[in-house]
Amino acid sequence: MAEFLQNIVGIVDPYTMQVIVNIGIAIPLALGLNIITGLTGQLSLGHAAFMSIGAFISAICTIRLGFPFALTLVTSGLVTAAIGAMIGFPILRLSGDYLAICTLGFAEIVKVIFLNLDITNKALGLSVPAPKSFLPMPIYVWGIAILSIVFVAFLQSSRFGRALKAIREDEIAAEAMGINLARYKVQSFAIGAFLAGVGGGLYAHFLGYINPSDFGFLKSVDILSMVVLGGLGSIPGTVIGAAVLTAAPEFLRFMSEYRMLVYGALLVSLMVFRPNGLLGGVNFTGLLLKAIGRNINESIPRDKGRRDL
Amino acid sequence: MFLQQLINGIALGSTYALIALGYTMVYGIITLINFAHGEIFMVGAFVGLLLVSFFKLNIFVAMVLSMCFCMVLGVVIELIAYRRLRRSSRLSALISAIGVSIFLSSLALMVFGADAKGFPEGAFPLHQLHIGNADISTLQLTIIGVAALLMLGLEFIVQKTKIGKAMRATSEDYAAAALMGINVNRVISFTFALGSALAAAGGVLVGLLYNAVSFNMGLMAGLKAFAAAVLGGIGSIPGAMLGGVLLGVTEIFGVAIGYSSYRDAIAFAILVLVLLFKPTGLLGQKIQKKV
C-alpha cells in the first residue's frame with residue numbers, strides 16, 4: 001500500500017510536487033484565517049505567529065518526544081488553539097484596527113521570544129527530521145488539506161458558522177439576538193489557530209528546517225492576501241487564493257530578479273480591478289447546480305460578503 | 001547616564017513620531033492603514049543619500065528635495081493604488097497597500113542592492129557636546145530640532161490654514177465635508193503629500209543616525225511607527241507625536257537595562273499592554289457605538 005502510494009507520488013516531477021505540497025500546506029493556514037477574518041470579520045495581522053507556534057511545537061514533539069506524526073500534528077494544533085484562546089480573551093475586546101495591530105504586535109513578540117529561547121535553538125533555527133509515518137508526505141498534506149476544507153465547509157453552514165457571520169455583519173445586532181460575542185470570537189480565534197498550528201506542523205516537517213524569522217509580518221501578509229484575494233469568507237475562493245499565491249512566485253521565477261516587483265504590482269492590480277477578490281460574491285452552489293442543469297438561483301441567497309470590514 | 005539615554009530615546013522617538021504622523025493622518029481621513037508608508041520612508045532615505053553622495057548637496061538641501069520627491073510619490077501611490085478602492089472593502093485597500101510596499105522594497109533591492117549604504121564622511125558636521133556627564137552629538141540635537149520644527153509646521157498647517165481646516169472637516173465626516181463643497185480628493189492627495197514628506201524627512205534623519213540606508217529599513221520602522229500611532233490613539237496628531245517619543249524612549253531604556261535581544265518586542269509589548277487598559281490609545285477619542 002505504502003509503496004503503491006509512493007509510486008503515485010513518484011509520477012510527478014519533484015519540483016512540481018513541491019509546489020503542489022506547498023499549496024496543500026497553505027490551505028489549512030488560509031482557511032484558519034478565513035474563519036477569523038472572513039467569517040467572523042476580525043482582522044488579524046498575526047496569523048504567522050500561530051503557524052510558527054505550531055511549527056515549533058510539532059518540531060519539538062518529534063525531536064524531543066519522538067511522537068508519531070499524526071499525534072505531533074494534533075498536539076501542535078491543540079497547543080496552538082489553547083494559546084489562541086488565551087490571547088483571544090484579552091485582545092478580542094478591542095475592535096477593528098486596534099485588534100489588527102494587537103495581533104501584529106503579538107506576532108512580533110512571539111517571533112522575538114522564539115529567537116531567544118534555547119529550546120527553539122535561538123536564531124539558528126531547528127532542523128526537523130522526516131516525519132514518522134507510512135504515508136508519503138504529499139498525500140498526508142493533501143489529506144489534511146481536504147479534511148480541513150470539509151471541516152470548514154461544515155462549520156460555515158452550521159449554527160456556529162451562522163453566528164460568526166452574524167457577528168461579522170453587525171456586532172450589535174448579533175448581540176441583541178442573544179449571541180455571546182466574546183465566546184464566539186474566542187472560539188473562532190481558537191479554531192483558526194488550530195488550523196494554523198496543524199499547517200505549521202506540516203510546514204516544519206515538509207521543509208525540514210524552521211527559523212523564527214521565517215514567520216514574520218510578511219508571512220502573515222502572505223496568508224491574509226490568500227484569503228482576501230480569493231474572496232473573503234468564501235472557501236473555494238480561499239483555496240484558489242492559496243493555490244494562486246503559492247504558485248505565483250514559482251511561475252514568476254523566470255523573471256528572477258523582477259519576481260517580487262511583479263508580485264507586488266500583481267497584488268495592487270488584482271485589488272484595483274477585483275476589489276472583492278477573484279471569486280468574491282460568486283455563488284458556487286448556484287453555479288454548480290446550474291452546470292448540472294437545475295436552476296435554483298432563487299432559493300439560495302447570495303452571500304456577498306461584508307463590504308466595510 | 002539617565003540624561004544620555006533619555007536624549008538617545010527622544011532622538012529615536014522623534015523619528016518614529018515623524019513616520020507615525022503620516023499613518024495617523026491618512027487613517028484619520030480615509031481609515032486606511034497605509035502599509036506602504038514605511039517604504040516611502042525608505043525611499044526618502046535613499047533619495048537623500050543619492051543627492052548627498054552623487055550631487056554633493058548639503059544634507060539639509062538634500063532633505064528638502066527628498067521630501068518634495070516623496071510628496072509626489074505619495075500622491076501618485078494614492079492615485080494608482082487607493083483611489084479606485086475607496087468605496088470597496090477596507091481589506092482590499094489594505095492588501096493593495098501591501099502590494100505597493102512589496103513593489104517599492106523590491107525595486108529598491110534591485111536598484112541599490114542588498115547591502116546597507118552609508119552617507120559619505122563629512123555629510124554631517126558631527127560634534128560631541130558634554131552636558132553634565134552625558135555625551136550628546138549635534139546629530140541627535142539636529143534630529144530632535146528638525147522633528148520638532150516639522151511637527152510645529154504641521155500643527156500650523158492643520159490648525160491655521162484653509163486646507164488644514166478642510167482636512168479636519170474631512171476626517172470628522174467624509175460625506176458631510178464633500179457636501180459642504182470641500183474637494184475631498186484634493187484633501188486626500190494633500191494629506192498623502194504631507195505624510196510622505198514627513199516620512200522622507202524621517203528617512204534621511206534615520207539614515208544619518210545609524211549611517212545605514214537599506215532596502216528593508218522601511219518594514220520594521222513602519223511597523224513600529226504604526227504601533228506608535230495606535231499607542232497615541234490613531235487619527236490623533238498629538239497622539240502620534242506622544243506615542244512615537246514614548247516608544248523610542250522605552251525602547252532605548254529597555255536596551256540600556258540589558259534586554260537588547262528583545263529590542264523589537266519592547267515596542268509591541270508596551271503597545272499591547274496600553275491597549276488592554278485603554279482600548280483607544282492614549283489620546284484617542286472614545287468611539288461611541290451607534291445602533
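Glycine too: its Cβ is placed from the backbone N, Cα and C atoms.
Computed from a predicted structure; not experimentally measured.
Features of the protein shown, as given by TrEMBL:
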type: TRANSMEM; residues: A:15-36; note: transmembrane segment
type: TRANSMEM; residues: A:48-67; note: transmembrane segment
type: TRANSMEM; residues: A:73-91; note: transmembrane segment
type: TRANSMEM; residues: A:98-117; note: transmembrane segment
type: TRANSMEM; residues: A:137-155; note: transmembrane segment
type: TRANSMEM; residues: A:189-211; note: transmembrane segment
type: TRANSMEM; residues: A:223-248; note: transmembrane segment
type: TRANSMEM; residues: A:260-279; note: transmembrane segment
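Segment contact holds for the transmembrane segment (A:73-91) and the transmembrane segment (A:189-211), given three or more CB pairs below 8 angstroms at sequence separation of 6 or more.
The recorded stretches the transmembrane segment (A:189-211) and the transmembrane segment (A:223-248) do not share 3+ CB pairs below 8 A when only pairs 6 or more apart in sequence are counted, and are therefore not in contact. The stretch in closest packing with the transmembrane segment (A:223-248), judged by the count of Cβ pairs under 8 Å and taken from A:15-36, A:48-67, A:137-155, A:260-279, is A:15-36. Within the same chain, residues 9, 42, 44, 47, 50-51, 137-138, 141-142, 144-145, 148-149, 152, 155, 164, 188-189, 191-196, 198-200, 202-203, 206, 223-224, 226-227, 230, 232-233, 235, 238-239, 241-243, 245-247, 250 sit at least 6 positions outside the transmembrane segment (A:15-36) and bring their C-beta atoms closer than 8 Å to a C-beta of that stretch. Sequence-distant contacts of the transmembrane segment (A:260-279) (same chain, at least 6 residues past either end, Cβ-Cβ under 8 Å): 225, 228-232, 234, 236-237, 240-241, 244, 248-249, 252, 305, 307.
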